[in-house]
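**Q** Here it is: the structure, laid out below.
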Amino acid sequence: MINYNLRLNLNIAIVSMVQSRPKNNQTHTSECIIETNFTEFLYTNQSKSNFTGLNNTNSYTFKLPKSNPARYLPKSPTYNWNEKEQGILLGSFFWLHWVTQIPGGILAGKYGTKLVFGLSNFIGVLCALLIPTAASFGYYHLLMLRVVQGIITGFAWPSMHNMTAKWIPPNERSKFITAYLGSSVGAALTYILCGFIMDAWGWEAVFYFTAAVGTLWYVAWFFLVFDSPSEHPRISTAERDYIIESLGKTVNKKQATIPWRSILTSVPVWMNCLGHVGGLWGLFMLLSNAPIYFRFIHGWRLTSTGILSGVPQLFRMLSSMIISRIGDYVLRNNILSRTNVRKLATGLSTIGQGFCMIAIAYSRCNSMMAFIFVAGSAACHGAVSTGVLASIVDNSPNYASIVLGMANSLVCFNGFATPLLVGYFTNNNQTIIQWQKIYLISATILIVTGIIYCTFSSSKLLPWNDPHNNKLKETIELQQVKRLKKLADQSASEDEKQKMLGNNGTNQEYVDESKKY
């Protein structure tokens, strides 16, 4: 939740940070007219009656409220950034976010998720506290701070899979990984609360609120979280034994050399990366750009924009909880194979999202339809906890953090590509037609990646997950080859051959060792 709050607080704040960009001395007008008390207002020094609002004739006629007119004056500084500059700023968080994804998984394996995840988020919280100051210095100072914040918080997500692999039994992973969808709660609260916070105290208060909540979280994380059941001081013996027995030998206690060649040449690994990238393209499109879409196309106020952008993310959390329990039930009762459960869930989180994007594209000025399908798209992506995220741990519990780091590195492309795409199509051209193009492109990406994943993916435990046993097998096979070579070189008698190979013409010692393996 805190992690996504750090990513998204600027996305909602920016609608209040930027000045309304005039065109031929006219304020921006929305194609979709929404009946509200005040949708836009402009204050000039000419007359108190010059507060403006939007009506059906595109004339500005709203009058100054009699009580407390100062309430409607600007509360915070604003900046003259165009749509392209805004897109670059929103995407800058992800420019180098990918650099620390794989190191995050590696460091978690070495030092523990508690340290890596905790510090990654907390330092990101401190960066959020500095955003108002950086913005006051200038555009490029804020840009660089967001880049640094993206680098630091990049360690967080991959490190979580290391803890998941040590704590969660295989048939309960879908349900637990729903906790990752706390990101949806973070998105919802960020947009909903920050809309009201900006309306009351200005956009700077958004970042101070983020810093306060993030600091409280870190204190709780530091004192309550432990990397494994064996390290937890308050866990019951029964629960600890149950977890350790359920995990069996899928998790190694000994650190081993990372099998990079096996990971990089694994089709299931790349299918998980593809499914993750595809599903998150749709989510990032909505998370990064929904406030701008509802604000400038549908003409909603700050508070309404926050609610309409945030509530759909709660549907994502809710659907994740429901789908994960269904998935675990199906696995426990052997109704479907693990691979098919993951394929169905990932298909929903990609192809299902794609069809919702098509519906948003053609909702035009129907705000209710747009909101319903934005919520439907977010709900479809809730299946990711039963799909790709669980499949990564299924394939390799020991290296799940590494693989998730790879997947998240690729996902960073979505983070800066989606705002750039929106900026390219809407720069000084905030129209329904332009947004329709954006949503249709997104739908294509979602559906194509979903089809490829469902065709080629697998969620079986991969042989390179346990390199110690693989090395034992390779050693035994090498010994067999050496013995046979020695046998040929020495030209031993037939009796000696039979004695060495056993009655059935095989190396009995090798057979015994293989059985033991």
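Using N, Cα and C of the backbone, Cβ positions are placed for all residues, glycine too.
The domain 'Major facilitator superfamily (MFS) profile' annotation in TrEMBL covers 1-461. As annotated by TrEMBL, region 'Disordered' applies to 489-517. The transmembrane segment feature in TrEMBL is assigned to 115-133, 177-199, 205-226, 269-294, 368-390, 402-426, 438-456.
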**Q** Near the transmembrane segment (368-390), which residues from the same chain, at least 6 beyond its ends, have a CB less than 8 A from one of its CBs?
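**A** Contacts of the transmembrane segment (368-390) (Cβ under 8 Å, skipping residues fewer than 6 from its ends): 173-174, 177-178, 180-181, 184, 272, 275-276, 279-280, 282-283, 286, 290, 293-294, 298, 308, 311-313, 315-324, 326-328, 341-349, 352-353, 356-357, 359-360, 404, 407, 453, 459.
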**Q** The transmembrane segment (402-426): which same-chain residues, six or more beyond its ends, come within Cβ distance under 8 Å?
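**A** Counting only partners 6 or more residues beyond its ends, the transmembrane segment (402-426) has Cβ contacts under 8 Å with 83-88, 90-95, 97-99, 101-106, 109, 150, 154, 157-158, 160-161, 258, 263, 269, 272-273, 276-277, 280-281, 284-285, 288-289, 292, 388-389, 392, 395-396, 434-435, 437-438, 441-442.
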**Q** Across the domain 'Major facilitator superfamily (MFS) profile' (1-461), what does the mean pLDDT come to, as a whole number?
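**A** Per the prediction, mean pLDDT sits at 84 for the domain 'Major facilitator superfamily (MFS) profile' (1-461).
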